[in-house]
Structures are given as structure tokens and as C-alpha cells.
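**Q** Could you have a look at this structure, given as C-alpha cells, before my questions?
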Amino acid sequence: MKIYILGAGAIGSLVGGLLANVGEDVTLIGRGRHIEAINKRGLMIEGLTNLKINTKATTSIPGAKPDLIILTTKSYSTDDALNSAKDIVRDTWVLSLQNGIGNEEKIMELGGRPIGGITTNGAVLKEPGVVEWRGRGITLIGLYPKGRNEFVEEVKETFNRAGLETEVTENIIGWKWAKTIVNSAINPIGAILEVKNGAIKDNDYLLSIAVEVVKEGCKIALQNGIKFDISPMELLIQTLEQTRENYNSMLQDIWRGKRTEIDFINGKIIEYAKLVNLEAPLNFLLWALVKAKESLGGGSK
């Protein structure tokens, strides 16, 4: 399968590297120093495995269309990434493995064929050309917004062959919403207070806030016609327990002085609330506090 990874950061490089390792025709599309290092020394994957992979890597969009584009940019970079690749997006399958909601709609706007995805694999970019695979997880993909398709099944088989445990759902929009609702509670609370995820579960005050945020998100989702295959409340508790030693990605972005994805998590829930004439006061409060923290120059590290 000819695959382009659009936004080859940590997760994109991990997925692309593992696919290239089993013989798929992969091109990583990313930024300067990382791509330069891969072209010089190959892509190194450390942590749960130890691989050196020689794969194509470039900072520009190739002219030839692939079978699949895997979109792994931050959600705030989706527009720029898709517009730069618009000539190859039209009529091409595009799998979004991104946080938040709304990315697949942007793929559709440019005539792409969207596949939604969520993954619990954990990866960090240690240095240019080197990815550390920190947590083995599950990837869930599906025809967006709903349904089944033979190509999606083929992608699942390809991922599994590469060592990425992957399943297909007929309701990927429900899963994307469930994950976003959980992230809307965990990420801003952890980012504002600069605590590990486990502290949210162990502290009665923080857990009660997280539970109310999830309830608010569920109400908004249901009014927008979203159906869940898993209870977001169950997913909240499960995620807090499984990631209790983690500082979430939003907090890490703040510590690094980088923009967070708050606009595409809590911000999107606020947008969808307005569409059905609902209020989202808890999501608004968390969104505003994180935006304030960003503008004040980040956290204590």
C-alpha cells in the first residue's frame, strides 16, 4: 500500500515507521530537522521495540496520489496541512488519527474520503529522527461518520501486520466524541493544576469536576444525534486509571510553550452546544482558563 504520513511527528513517525518496517511504501511528510535526520540516518524507533527503518521522508507534498493519507498533525494545523496537499486529497482515503472533533469534516470539504481513528499508543519525539514508543495501545478506525467499507478493513489488516493492534468500528463518530468528551475533562484539569492524571481520580474534588464535565459533554453530544458504543463516564475512569502516571499532552504543550488543542476539544464541544441551543458553562470555564494560561506564558516548568 502506498501511504503518506501527513504530519510526521511522534505518532505519525511511529505509525509510518512500523508500516515501512513490514514493507509498505511509506513517505513521511514533516518538518525540517526531523526529516533531515531521517534522510541521513534512517528513522529510529526505541522503547517498546528497537528498530532502524530506512523510509522516504520529505518536507514537501509528493505529486503522485497515494492509496492512503494518514493525517497526524495537531488539529490546529489541519487546515494548512490539507490545503497544502489538496491536489492529492481529492478522492483519496484520508485517515485522521488526531485529537478532537471536526477534522474529518475538513477532509470531506476538500473532497477526500475520510476514515476516523483514535489510538491509545503513546509516543514521544526524543530528538530529530528518534521516536520513543512509550505505550502499546489499541487503534480504532472506521468509515466516517458511520458504516463499513472494504478498504477500511484492508487498512486494519495492514496496521495489524505492522504490529499496531487495530480494530474496526461502524460508529467511529461515537468513539471520537467519547474520547473528546473524556479529554475535555482530563486535559484541561491536568493542565491548569499541573498534576498527573491519577491525581484527578484520587482527589474527590477533581473527580467530581471531571464527572460533571463529562455529563455536560454527553448531553451536548446526544442532542447532536451522537450515539455511544461505550459510556464516556466508564471511559473517563478507565483512562484515568490506565494513564495515572502521565502528565497529559495539553500540560506538556503548555510546559513547552506550545499552543494546545483546547480549541478542538472543549472549544468544539462549545460550538456544538450552540448548534442545539444548549449552554456549556463548564467547558467554557475550562477552555477560558487554559487559553489564559497559554497567554500568560505557560506553567511552572
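Every residue gets a Cβ built from N, Cα and C, even glycine.
The structure displayed is predicted, hence computed values, not measured ones.
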**Q** Select one of A123, A273, A280: the residue that Swiss-Prot places in the NADP(+) site alongside G7, A8, G9, A10, I11, G12, K74, N99, E261.
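**A** Only hit among A123, A273, A280 in Swiss-Prot's NADP(+) site, alongside G7, A8, G9, A10, I11, G12, K74, N99, E261: A123.
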**Q** Among N171, N197, which residue shares the substrate site with K179, N183, N187, N246, Y247, N248, S249 according to Swiss-Prot?
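**A** Between N171, N197, Swiss-Prot records just one in the substrate site with K179, N183, N187, N246, Y247, N248, S249, namely N197.
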**Q** Can you figure out which of N183, N197, S249 (the binding-site residues) comes closest in space to G7 (NADP(+) binding site), comparing Cα atoms?
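**A** Nearest candidate: S249.
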**Q** So the record assigns K179, N183, N187, N197, N246, Y247, N248, S249 to substrate. If I measure every Cα pair among those residues, what is the longest distance in angstrom, as a whole number?
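**A** Largest Cα to Cα distance for the substrate-binding set is 17 Å.
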**Q** Specify the count of other C-beta atoms within 10 Å of the C-beta of N246 (substrate binding site).
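**A** Its Cβ has 19 other Cβ atoms within 10 Å.
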**Q** Just report the maximum Cα pair distance in Å for the recorded NADP(+) binders G7, A8, G9, A10, I11, G12, K74, N99, A123, E261, no decimals.
**A** 17
